[in-house]
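Now, the feature entries from TrEMBL:
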{"type": "COMPBIAS", "residues": "1-10", "note": "compositional bias 'Basic and acidic residues'"}
{"type": "COMPBIAS", "residues": "14-24", "note": "compositional bias 'Polar residues'"}
{"type": "DOMAIN", "residues": "84-153", "note": "domain 'Translation initiation factor 5A C-terminal'"}
{"type": "REGION", "residues": "1-26", "note": "region 'Disordered'"}
Amino acid sequence: MSDEEHHFESSESGASKTYPQQAGNIRKGGHIVIKNRPCKVVEVSTSKTGKHGHAKCHFVAIDIFTAKKLEDIVPSSHNCDVPHVNRVDYQLIDITEDGFVSLLTDSGGTKDDLKLPTDDALTAQMRSGFDEGKDVVVSVMSSMGEEQICAVKEVGGGK
């Protein structure tokens, strides 16, 4: 045995960002990774090919963060990556001048690393509810190391 001490640095929990699933089992409304982006499947069509070929699945999906449309064709017997997608609700505490939001977590801490959403309607809804003194709850979607505010709802009356 050597006396050297090994030091391994890791910034992640070790949990995988994706899991494999057979292409033929992925349905409309599910999630899939296309071109390294987490996407929601909006259309699936399966084609039967020739005598010795594989049946192929044609996926049309929308990136859950950028809303870009992506397509992929995969043999139905092959595995595809499916992203782990989480959605968490937080209460809005503050909106800073530089476009960041301060959110209250369930444990009572704050989360200050998210920017206002790129969707102008969501941003306007957040600002108006916040300015009126209402309790604003935001839903944050996270997948593959990215996070983004995807929905806003107002609770309570305010001033």
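Cβ from N, Cα, C; glycine included.
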Reduced to three DSSP states, the domain 'Translation initiation factor 5A C-terminal' (84-153) has 12 helix, 39 strand, 19 coil
What mean pLDDT score does the domain 'Translation initiation factor 5A C-terminal' (84-153) have in the model? 89
Secondary structure content of the compositional bias 'Polar residues' (14-24), with strand meaning DSSP E or B: 2 helix, 5 strand, 4 coil
